[in-house]
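Since the structure comes first, as structure tokens, the remarks are kept for the end.
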């Protein structure tokens, strides 16, 4: 996989190229939550319909406060669709196929069906039936994907914070379900919940003990 420059900032080059090839509705697509041990995987499809706010970047490069501040601004300048796959779907399908299912749902939730998709990553989904680009590091290269990245992240984080209120002790309000030390200690003390991905090796191992 190529290494992208750390100073790279997203722009509208991919969007412009898609429109130059005849596309009228271009949307960026990104997911959050493939790696956590708990909670759903969430996808956002975002179509820029107005200039994006300054400072928009890959969600991983932004603080939680900055992502929260950007969210309402992005919802004003984007048409968006959200999709998610539940823990049960992740366990039944595997995380890759569940992520593709969430992508289908996100695209279907857009107000206007896209005729070109900009998809973060290099995993070619079989469900795509329109022209598309697979863009490694897309959230650092395309403003549409960066918008989707931020909106998916804020949506999923809110959900994990709500689950943390129901299941204190795992640190989900800060680790968002990832396998941190606090999460591992919570599993030792409180066991596995219905929100844990039993198909993931660390959780499966605990259930077998």
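Here the Cβ of each residue, glycine as well, is placed from N, Cα and C on the backbone.
Lifted from TrEMBL, the feature list:
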DOMAIN    24-209  domain 'RNase H type-2'
BINDING   30, 31, 120  divalent metal cation binding site
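The average pLDDT for the domain 'RNase H type-2' (24-209) in the predicted structure is 97. Other residues of the same chain near the divalent metal cation site, with their Cβ within 8 Å of the Cβ centroid of 30, 31, 120, are 29, 32, 43, 44, 119, 121, 138, 139, 145, 148, 149, 152.
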